[in-house]
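Annotated features, as they stand in TrEMBL:
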type	residues	note
TRANSMEM	A:12-32	transmembrane segment
TRANSMEM	A:44-65	transmembrane segment
TRANSMEM	A:77-94	transmembrane segment
TRANSMEM	A:100-118	transmembrane segment
TRANSMEM	A:130-148	transmembrane segment
TRANSMEM	A:154-174	transmembrane segment
TRANSMEM	A:181-199	transmembrane segment
TRANSMEM	A:241-259	transmembrane segment
TRANSMEM	A:290-313	transmembrane segment
TRANSMEM	A:319-352	transmembrane segment
TRANSMEM	A:364-383	transmembrane segment
Amino acid sequence: MSTQSISTASAGAFSVSGLMIVVASELAGAAFLREFLLAEDWRYVVALLAAFGVALVVMQSVPAIERRIENAFAAQRRAATIVAVLLVFAFPFALGGNTYALHLCVIAQLYAVLALALNFQLGSANIPNFATGASYGIGAYASALLALNFGVSFWLALPAAAIVATLSGFLLGLPSMRTRDSYLALVTIAFGVVVHQLLNNLEFTGGPNGLVGIPVPELFGHSFASPLVIFGVQLPSQANFYYLSAVLVAISILFAGRLHNSRVGLAWNALRADDLAARCQGINTTWYKVLAFAVDAFLAGFAGTIYAFYVGYISPDNFTFLVSVTIMTMVIAGGMDNILGVIVGAFLLTLLPEKLRAFSDYRILFFGVTVIAFLMIRPQGIFPQRLRRYGGH
Amino acid sequence: MEAPVVLSGEGLTMRFGGIVAMAEVSFELRRGEILGIIGPNGAGKSTLLNIVTGIYRPSSGEVWLEGERLNGIPSHRIVSRGIARTFQSSRLFTDLSVLDNVIIGRHSRTRSGVFDAIFRRGRADRELAESAAIAEELLKGVSRDLFDQRHRAAGELPQADRRRLEIARALASEPKVLLLDEPSSGMDDADTDALMDDIRAICAARPELSMMIIEHDMRLVAALPHRVMVLDYGQKLADGPYEEIRRIPRVQEAYLGRKAAQHA
Amino acid sequence: MADLLLQQLLNWIVLGSIYALIAVGFSLLFGVLNIIHFSHGDVSFVAPFVALGAVQVMVASLPVAATPGILLLCILLALLLTGILGVVLEVLVIRRFRNAPAMMALVATVALGIVLRELIRHLYPNGSNPHPFPRFVSGEIAIGGVNVSLFAVVAVVCSVAAVVGLFALLNHTRLGLHIRAVSQDRDAARLMSISPTRIFRATFFVASAIGAVGAVFFAGYANLIRFDFSIDVGLIGFSAAVLGGLGSMAGAIVGSLLIAGLDTFVQAVVPNGASYRLVFVFLLVIAVLVFKPAGLFGRTVVEKV
């Protein structure tokens, strides 16, 4: 532990510039996101993407910069968190009442939650799961059905749907006790198709038309459909869901961080590296695999509920195989087992197709090409996996 | 008076389809004893280790650890009963740090689950910090050099250090019995000498620990084990002190080779 | 009653043969490359569009009518081009994922499938809409006193011939020997001066061309082709290959017949079965994999420790 005291001592001189680095990088990130969201001209969008690409290339070719930023964040964790919270809080004010930009933020944040959920499996434990979209859908349908048929309020439907999704996650995880790799991938694909087909055909889920008229949540008499007034500034009604989903992202980050730096996260990493060797360290790998499925579904269920109550209507086509693939791509492109990377991946892949509306019809094509190009050019993701830090290291 | 038996096998037989990999092998391991296992490739040495650690389920026969029958108990539970092992082809968690590898070795001695990690963080953190401290001590005990590299990825270590790390990881579960599968494979003489010193130091610090070592390097087999068991074609050929077993002609032929047989 | 049963039986075999043609490609590619080429179905389904496009171009530019003969010629051209497309994709994309983690290759090829479908949608005139796909044989034939569609019989016969041809290629030719060598041990094959790269390309050609046969028959069977047909059929072909045990040709065929059987049965017997067919098919897939984790004919690998 002597190393720790050394690093704290040096942190004194380091902290001022460290703090500046932290604040500057977070401000730059927020400013970039704002520009990207508000950009109208596709040429500007492309220029922004190019700038992002250049930043990545610079970081890759000069690792010292990356290390410096990383060390600054590690040394200034509390300050970094406070600044981040303030920025997230202030962000809607900076969008100038642009409801579409705010809407994109909500969707991107929900996808960030889904990507973080999948990251437990795909990133930490390298278990394929092509059914996160299905868990997302199960959460959405469970909460919507509760609200429509039994008048359950959003706040009760939220945990209830998460429990339903978790149970289905356990169910989906059971085959993982025996199958693995491509075979397990197919089991999850099959599960996703079955869920989608059932939603599409069953009477009580409304068939292909889905469910409509999901009531708007209320909190202390404030309807989420009405504009939000903070400090005398009126924000569009989407801001309600912006803050709600931001809280969910924060909770997910907390979950992810704590699990990563725990015995559970280590066990997942161990079975990722070598299943048999993990068993020989006393790890019940079967249980940890099923657990990863359950944790994934739990968070996906939350995201699904918020989505259902946000848009007010859901249909099976919101939860297809393609949605699951998109979430997988977010994790892989962002950086497996890296919380920040996964969130960046989720934002990028949610916003990219929306921002390329100039190519409206070619959006899906462009999406596919981008994914392939990404996997070929930077297979380790935007922010690759890192070794854990203990004490000052 | 002899030390009590810790681990024993009775009539262990292992069939894969039609192939008999192990036939009616029995053995005993006493507290604080080092048992060497030798035999040509395919003699069933690794099979024996896999049966004891629950990776294979024997076709017949029984394994006992201090009066408890181990048959049918899954491998991850066997670790918490007190048997730890290393692998012939060192199977480290290569993309994790050296320290993480050893901390994972303490999995069976720690308890925190998802609930603790999220809602009782103090408790989970304390347990992890404790594991990290124990892991650091273990690394120091096994090799100071390894300790200095504890924040590197395990995959970056040179071969000899990988073996040491595997041993440290196995010791982290506080085993009663440690099984080493060809610890010196891929090492030169100098590395092997260092390894032997390490093993001696480990034994000196843990007089209660029993070991089974599968080895090809006769220098190690001659020096370390109290007793040597010879396997050939899945059967037990001999069992006794090295000085005795090396005189048995069949052993010389089957394992030490004809040359050695002529020398003796 | 009897002819209804025979009709269903024929449906089953036709569907099973078509699935099998796609499934053997998945299995063959996995056996050789050790990665899932998820877009194999999408590659195969380029063929009907090429054939249809070629017919239209020929009719427009040459003094010929769209006779069955011309159609057949165009189909053969499509098979060839689809095989080449497979090789091109291997060279451009899939090659780079050969040593990557399995999931990365899987996601990349899923994306590749999206790209292929979108390309068809945008490049083929009016590509978002379904197009009628002609059959090159029509009429009926009497089997056991029951009239059945001649096309169905031809489809089955051609499928069997293609599969037999594939088996012959694998087991009785030099190329087949090399393919099998590479799939068993890439490095050892290299030491025997077999170039894995060349074998990969050959495998892609063969697999894609055989898949194309399946796709063309599927289009003919449905009398229709649309850019997204490959999603379901590709997924079913993949499932059949996994069900049978990846790498096993016989397994892929058995898996296809099993899935096609359930598919036909559900549509014929279960009320509203057409909507629930995929539910049943994929529940079967899950059930089989739970009890046989490496598929029906897959080798359960005893892990070497």
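We number each residue from 1, going along the chain as drawn.
Placement of Cβ uses the backbone N, Cα and C atoms for every residue, glycine included.
Caution: TrEMBL annotation is automatic and unverified by curators.
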Remote residues contacting the transmembrane segment (A:130-148) - C-beta distance under 8 A, at least 6 residues beyond either end: 114, 117-118, 154, 156-158, 160-162, 164-165, 168-169, 172, 185, 188-189, 191-192, 195-196, 199, 204-205, 211, 213-215, 296-297, 300-305, 307-309, 314, 316, 318-328
Any contact, the transmembrane segment (A:100-118) to the transmembrane segment (A:181-199), with at least 3 Cβ pairs under 8 A: no
Same-chain residues near the transmembrane segment (A:77-94), Cβ under 8 Å, at least 6 residues beyond its ends: 19, 22-23, 26-27, 30, 33-34, 102, 105, 233, 235, 239, 242-243, 246, 250
Range from A:154-174, A:181-199, A:241-259, A:319-352 with most C-beta pairs under 8 A to the transmembrane segment (A:290-313): A:154-174
